[in-house]
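S.K.: Found this in TrEMBL, in case it helps:
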REGION    126-150  region 'Disordered'
DOMAIN    180-229  domain 'PHD-type'
SITE      Tyr182  site 'Histone H3K4me3 binding'
BINDING   Cys183, Cys185, His207, Cys210  Zn(2+) 1 binding site
SITE      Met193  site 'Histone H3K4me3 binding'
BINDING   Cys196, Cys201, Cys223, Cys226  Zn(2+) 2 binding site
SITE      Asp197  site 'Histone H3K4me3 binding'
SITE      Trp205  site 'Histone H3K4me3 binding'
Amino acid sequence: MSFIEEFQANIEALPNHLRRKYALLRDLDKSLQGVQTQNEQRCDKEIEDMIQRIKAGNVTPDSSLIKFSDDALDEQKHAIRIADEKVALASQAYDLVDAHIQQLDQYLKKFDEDLRRERDTAVVTGAPATTAENNVKSGRSGEGKGGRKKTRLATAAAATATAATPSGMDLDLPVDPNEPTYCFCNQVSYGEMVACDNPNCKIEWFHYGCVGLKEQPKGKWFCADCAGTQKKRKGK
């Protein structure tokens, strides 16, 4: 089982664990409210009784007899124990969520390291970077001209950002200054890209959004510059 599969399996069980702890918290809270209400009523009655006895002269104001009963004190101690249990449960719920956050941080750190290695490799080879899971070859690597229409999916993080970012807008992503740039926008590789079928195309790779594509083109595809060149050749 891969790290992400293990994390997904653990995170799926998290809501049930939290639900049980929150249910216990609600039960403890109800018990605490009941004990507090009962204790407040008992203390109010005992205070009223003390006031009446002082007025009757049976007890002096500084007498050691002016104190709450053992039952009232026991209720207060019980309320404190329930409150401590609530704090412990809340801490357990917090630690449970925090453990999953730390696990996710570890995965993201590993994923970021993989992306950095991939970008370094792309800089050396001079080819657009690809993810390990979506390594689609371009036509120039031996699939023939017909294969050049195949798209390339960039890093998962960049693809997610691209989906929410209009074409032409600067992406707030860490970019290696030595990483090759592509397309009319002269930006680095990200999201889905398509290759021009003109083997002499100066740019070669283009972002979907920059050339108005939403899906993989069928048949041969030429960029605007090369399409004009192809029409001129056919005209001759």
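Even glycines carry a Cβ here, placed using N, Cα and C.
Heads up, TrEMBL stuff is auto-annotated, nobody curated it.
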S.K.: Out of the recorded positions listed (Tyr182, Cys183, Cys185, His207, Cys210), which are within 10 Å of Asp197 (site 'Histone H3K4me3 binding'), Cα to Cα?
M.R.: none
S.K.: Return the member of Cys185, His207, Cys210, Cys223 nearest to Met193 (site 'Histone H3K4me3 binding') in space, with distance defined Cα to Cα and candidates limited to these binding-site residues.
M.R.: His207
S.K.: I want the residues beyond Cys196, Cys201, Cys223, Cys226 whose C-beta is within 8 angstroms of the mean position of the Zn(2+) 2 site's C-beta atoms, in chain order.
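M.R.: Residues close to the Zn(2+) 2 site, other than Cys196, Cys201, Cys223, Cys226: Asp197, Asn198, Lys202, Ile203, Glu204, Phe206, Phe222, Ala224, Asp225, Ala227.
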S.K.: Long-range neighbours only, meaning 6 or more apart in sequence with Cβ under 8 Å: which ones does Cys226 (Zn(2+) 2 binding site) have?
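M.R.: Counting only residues 6 or more apart in sequence, the Cβ neighbours of Cys226 (Zn(2+) 2 binding site) under 8 Å are Cys196, Asp197, Asn198, Asn200, Cys201.
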S.K.: C-alpha of Cys210 (Zn(2+) 1 binding site) to C-alpha of Tyr182 (site 'Histone H3K4me3 binding'): distance in Å?
M.R.: 11
S.K.: Nearest to Trp205 (site 'Histone H3K4me3 binding') in three-dimensional space, by Cα, is which of the binding-site residues Cys183, Cys185, Cys223?
M.R.: Cys183
S.K.: Measure from the Cβ of Met193 (site 'Histone H3K4me3 binding') and count the other Cβ atoms within 10 Å, all protein chains considered.
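M.R.: 23, counting other Cβ atoms within 10 Å of Met193 (site 'Histone H3K4me3 binding').
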S.K.: Of these binding-site residues, Cys183, Cys185, Cys210, Cys223, which scores lowest on Cβ atoms within 10 Å?
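M.R.: Checked Cys183, Cys185, Cys210, Cys223; of these binding-site residues, fewest Cβ neighbours within 10 Å: Cys185.
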S.K.: Count up the helix, strand and coil residues in the domain 'PHD-type' (180-229) according to DSSP, in that order.
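M.R.: Tallying H, G and I as helix, E and B as strand, the rest coil: 9 helix, 11 strand, 30 coil.
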S.K.: Which of Cys196, Cys201 (the binding-site residues) has the most other Cβ atoms within 10 Å?
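M.R.: When each Cβ's neighbours within 10 Å are tallied, Cys196 tops the list.
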S.K.: Please work out the mean pLDDT for the residues of the domain 'PHD-type' (180-229).
M.R.: 88
S.K.: Hey, how far is Tyr182 (site 'Histone H3K4me3 binding') from His207 (Zn(2+) 1 binding site), Cα to Cα, in Å?
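M.R.: Approximately 8 Å lies between the Cα of Tyr182 (site 'Histone H3K4me3 binding') and that of His207 (Zn(2+) 1 binding site).
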S.K.: Could you state the whole-number distance in Å separating the C-alpha atoms of Cys223 (Zn(2+) 2 binding site) and Cys183 (Zn(2+) 1 binding site)?
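M.R.: Just about 9 Å between their Cα atoms.
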